[in-house]
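Novice: Quick one: the structure is below, and I'll ask about it shortly.
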Amino acid sequence: MESRNDEEAPLISASGEDRKVRAGKCYTRDVHILSISFLLIFLAYGAAQNLETTVNKDLGTISLGILYVSFMFCSMVASLVVRLMGSKNALVLGTTGYWLFVAANLKPSWFTMVPASLYLGFAASIIWVGQGTYLTSIARSHATDHGLHEGSVIGVFNGEFWAMFACHQLFGNLITLALLKDGKEGSTSGTTLLMLVFLFSMTLGTILMFFIRKIDGEDGKGPVGSPVGLVDSLASLPRMIITPLLDIRMLLIVPLLAYSGLQQAFVWAEFTKEIVTPAIGVSGVGGAMAVYGALDAVCSMTAGRFTSGLSSITFIVSGGAVAQASVFLWLLLGYRQTSGVLGTAYPLIMAAILGIGDGILNTQISALLALLFKHDTEGAFAQLKVWQSAAIAIVFFLSPYISLQAMLIVMLVMRDFTVEETHFTSSLLFQNSLSRNSLRFRSPRGLHCDLSKAFVSSHRCLTIKIWDSLPISWESSFSYW
């Protein structure tokens, strides 16, 4: 009964004095501003990215590959940059890379797209690590100040953010559908006007980003302007990169992180080029991705509302993976391009189902990282972007040389492996939670004693061996189950 109460208690409890000091502060305003800002920025970038492989052909494909390679390597140091700058400053600086990338599409060439892609890789790494850190921090503060369950607040905040973010596919691609027209011999018109409208939207989003509040105590993380602090941070950089990979929990969810990138890249690189464009034309890409974004948004909000802990995350992720697998099997075994209404409807139905899966994965992965890695939020979200961007870059570089059927087989194999690893991770953490609770007993005097303290004594945490070479840390609480 005691363990049950522990599970349902808030993950971070605020003291009475702390609540008096911080009572009444509401962080939902910052969630709204952050979400709208990302919507305005990514409705432009997302729609431009969807068109890269169809409008700019090989230049667009290679540029996106370069972008995500840069994204992958920059993500390794992004957590350090965010810690030094602060998450709000990182968010503001990160917007500039997206603005320059869209501006480069006004005159697409190797001399404009490649430098813009390289810089966007850096900008994207810090904006996404900053986003994950900022959203998780204000969710925890909101839960503490108002006495709410931390897991539920994280789920709700992530649900709102990812639902609003997913709307960028809806609104951005509706703008594309309205302004971009198919020309003769596969050409398109209206591209310049489209990019100018996108730049205006991104400018508004960047301005709005200035209005989010800084995280309480963020400036106290380290001496940002101090040369000594900078040297110490650079010296600790290798440890910051390697340490998350020594945690068995991170290693077990790496397949999930990589799959989330693979399924996104499949939509951007393969689905739009091989399925949507032949069926309904280049201008139809906007309509298909608008459907994708609409279902993505609905499922992000819904999944966030149902998120409460590891058990719910495992169940919801499995449902999203099954939905996407149905599309992969359909394309691999039964899909044939047809004319008429069905020829138009099939790609839209597939886009809707793929959007459902993406919305679920985005929300649940963010909640999972926030729950598992409370003491290294920046590092956890940096690892997310490292593995996501690596998977995306591989797809873009292989896209010109691999068939659609081969890509679908890879997606199915990776999906199955990911689902199995997610279930295994959830079961493993649950078993360790039970083991840890079994160490607690009540003494004859009625005092609670924790045997784990006797074991750890001079050590900060106790490690047990699952296999001979894989340690798992008990330093973090397992009450998030």
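Numbers here mean position along the shown chain, with the first residue as 1.
Cβ coordinates come from backbone N, Cα and C, glycine included.
The following feature annotations were taken from TrEMBL:
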TRANSMEM  31-48  transmembrane segment
TRANSMEM  60-82  transmembrane segment
TRANSMEM  89-106  transmembrane segment
TRANSMEM  118-140  transmembrane segment
TRANSMEM  192-212  transmembrane segment
TRANSMEM  248-269  transmembrane segment
TRANSMEM  275-298  transmembrane segment
TRANSMEM  310-333  transmembrane segment
TRANSMEM  345-372  transmembrane segment
TRANSMEM  392-414  transmembrane segment
Novice: Counting only pairs at least 6 apart in sequence, do the transmembrane segment (275-298) and the transmembrane segment (89-106) share 3+ Cβ pairs under 8 Å?
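Specialist: Counting Cβ pairs under 8 Å (6 or more apart in sequence), the transmembrane segment (275-298) does not reach the transmembrane segment (89-106), since there are fewer than 3.
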Novice: Quick one: do the transmembrane segment (345-372) and the transmembrane segment (192-212) have at least 3 Cβ pairs under 8 Å, skipping pairs fewer than 6 apart in sequence?
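Specialist: Result for the transmembrane segment (345-372) with the transmembrane segment (192-212) is no.
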Novice: Find the member of 31-48, 89-106, 118-140, 248-269, 392-414 that has more C-beta pairs under 8 Å to the transmembrane segment (60-82) than any other listed stretch.
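Specialist: Checked against 31-48, 89-106, 118-140, 248-269, 392-414; highest Cβ contact count belongs to 118-140.
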Novice: May I ask for the residues of the chain that lie six or more residues beyond the transmembrane segment (392-414) and have a Cβ under 8 Å from a Cβ within it?
Specialist: 53, 58, 61-62, 64-65, 67-69, 71-72, 255, 258-259, 261-266, 268-270, 273-274, 324-325, 328-329, 331-332
Novice: Test the contact criterion for the transmembrane segment (31-48) and the transmembrane segment (118-140): 3 or more CB pairs under 8 Å, pairs 6 or more apart in sequence, then answer yes or no.
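Specialist: Touching, yes - the transmembrane segment (31-48) and the transmembrane segment (118-140) meet the threshold of 3 or more Cβ pairs under 8 Å.
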